[in-house]
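What TrEMBL says about this one:
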DOMAIN    53-167  domain 'Plastocyanin-like'
DOMAIN    181-312  domain 'Plastocyanin-like'
DOMAIN    401-533  domain 'Plastocyanin-like'
SIGNAL    1-42  signal peptide
Amino acid sequence: MAAVPPPLPCPACDFHWMIRRLLLAALLSLSALLPSLHRVQAEDAIKFLTWNVTYRNLAILSNIPKQVITINGQFPGPEIDSVTNDFLVINVYNSLNEPFLLTWNGIWQRRTSWQDGVSGTNCPIHPGRNFTYSFQVKDQIGSYFYFPSTALHKSAGGFGGIKINNRVIIPLPYPSPDGELFVLIGDWYNANHTTLRRKLDAGGQLGMPDGVLINGRGPFGTTLSVQPGKTYRLRVSNVGTSTSLNFRIQGHKMRMVETEGSHTVQNLYENVDIHVGQSYSFLVTTDQAPGDYYMVASTRFTNPVLSGIGVVHYLNSQFKVSGPLPGGPSIQIAYSLNQARTIRWNLTANAARPNPQGSFHYGMINVSETVLLYGSAASINGKLRYAVNGMSYVAPETPLKIADYFNLPGVFSLGSMPTSPRSGSPMSATPVLAPGFRAFLEVVFQNNENIVNSWHIDGYSFFVVGMDGGVWTPNNRRQYNLFDAVSRSTTQVYPHSWTAILLELDNVGMWNVRSQLWERQYLGQQFYMRVFNPEVSFRNEAPIPTNVLLCGKAAKGGHRRRQRHA
């Protein structure tokens, strides 16, 4: 860390020297929170945000108010607007009456897995306390969102969009749009999250949601005002808890250009299925007659079909919306599967770096290990649980990342996550997968149930190389897309079907692998993957933050931050 220089000999320079000292002191203080600050480039901005998390009683879909989690009084929360390689310093004050954490869905956390904001990496922020998240959106572009990861808080709100724009020196693979708009869609329950939580704790299920929201509002509560003859980029994320949604705009085509940080082949769609936890960018041109048009997000694979309804309003509109909603698919699995296969990587586009996306030839890398993950419902001690390979995750009092750092025994065992389905009855455990650093994994998600599941891996994007019905076998590798499969962080798995992904484990950390259906995640359908490089170095992972929160065995043992890196 740089030392403050001695005072200048020139008395006339004292004022300027004082300002320099104050600025340098502020930077040195910030570097305690932001270990990578000394590597900030001239073009890498630092953005400071202060958020206060509170409850508000709001009637969203009914006349009966429920507890809604707001950030700075907003629901949805504030949009994060950033550029590739920006540093984000977000000071979160917890004004709720229970512990709380935020996670950053799809953000890689390169070198900063300490900031991931899930129970396996972070102790929760207790009521009346604060915690400052500090991380860089390193080598990423695209559309993402944040949400609460603890105690079923996600069903109460607390979510918002994350936009990472490309640097000006990296061109977009399409003309710059005339405007950008976030559209957060998701299912919604009228009951308080505390009521829903008690229901799950008692062995019940959440059941059908009560409706669908668009940007936190019920039917006709959201209007997007647009100029005629313009092209807008819509960043659409499914921030719900349980239901795949189909998104469409009456009379308008949607040109897909990005999903979760990857530029896509620019296909035109009348409607697109967006599964829980997924994000897309569409270009929509306002080339229709001046008027108002339905914007719809309707549930897929449910009976009945629930619809969130908004309005796209031309500023020179001459008529209001009327008549039936534009039709969309409802329970057809084949329609969704075939559509998913059309979403492919744009090999010639640059993303966060000037080299084309297709310069990484993932299909030419030998797989070092195959992991088969079978999700299932289970009964343990007479209550409903969900499992992966027969293991139903139970969060320990001490986060796994902290236990690993301080070498605390009895919290988890490396390699305790089976890499294929285990025999015997499902069991409660704290499973951790321990693959090798820089291993190139083939992961197959097998779904033998009647639901559409959605799977996410923190810290990574992966290539979705195949999906189909039935039970996966090695013969299915013949149908893999090893050329232009899209790279993303969340993928769906259809009923009685499989989805295969490929990923390179080059990001050190303790990473959450989870179902994005929050009932399933809450009741155990998740585990952690420890990616560790024995050559411990600042290059691989930043040191433990000075403001790290300690809990469980780490707090009881009086542990203090120590330097473990070379």
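Cβ from N, Cα, C; glycine included.
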Worksheet entry | Helix-strand-coil residue split for the domain 'Plastocyanin-like' (53-167), DSSP-based | 7 helix, 52 strand, 56 coil
Worksheet item: What are the DSSP helix, strand and coil residue counts for the domain 'Plastocyanin-like' (181-312)?
Response: 9 helix, 65 strand, 58 coil
Discussion item. Averaging the per-residue pLDDT over the domain 'Plastocyanin-like' (401-533), what integer do you get?
Written reply: 97
Worksheet, complete the sentence: Per DSSP, the domain 'Plastocyanin-like' (401-533) contains 17 helix, 57 strand, 59 coil
